């Protein structure tokens, strides 16, 4: 059985002071929760204060992006070595907002995924189709290209520590959600791709999250599906009450 995994993607919200205060409330709210892995992914400036606030808790630290090089003349970038040094465990890579607004390609995302593994970070690798692609009936073709290109050169041993987040782009921040059956269909397809890449044993260990307007009201239906192992939560991760409800609803 794969352990549920709920990760909060805070995007560009919360100052370092706000983030530390929020996390202290969240720790208290989740202190008696077990049977689920939980991570929060604050903006870069908040990583250190959040890391300090999380000490001794049952919540892991994640980042929202990284460069693939250890160091260098890359103004404005943050390296995997820096994230590892802070104590980051997870890193979101390939999010649709990075692809759309910052021109990230499948090839660049692949470099980042391999670098994350090299530095002992666990990628949360995001894939998903746009509304236009869904309406054209090419969801699986789009997701297949993203998965195969994104995971090129990744070993089966590394893939054991991989999380994939299926996030239909048209559902992110819109209030629209793929139906649980639609989400399951794509997540099952992703798992079958992983079987081809790494074999059944490894594919069955990889956790596949759903992302895209996840709320306390829909988490139970989503998590009940056999190939959905958790959620990458956006807006609802910014409030203690809603994020706690999603975490508890996943168990």
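Heads up, the Cβ atoms here are built off N, Cα and C, so glycines get one too.
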*From 34, 57, 213, grab the residue that Swiss-Prot records in the same substrate site as 9, 10, 11, 173, 234, 235.*
213
*Provide, as an integer number of angstrom, the distance between the C-alpha atoms of residue 213 (substrate binding site) and residue 95 (active site, electrophile).*
14
*Within 10 Å of each Cβ, count the other Cβ atoms and name the one among the recorded positions 11, 95, 173, 213, 234 with the highest count.*
95
_Residues near residue 10 (substrate binding site) in space but at least six apart in sequence (CB under 8 A)_ = 19, 40, 41, 42, 43, 46, 64, 237, 238
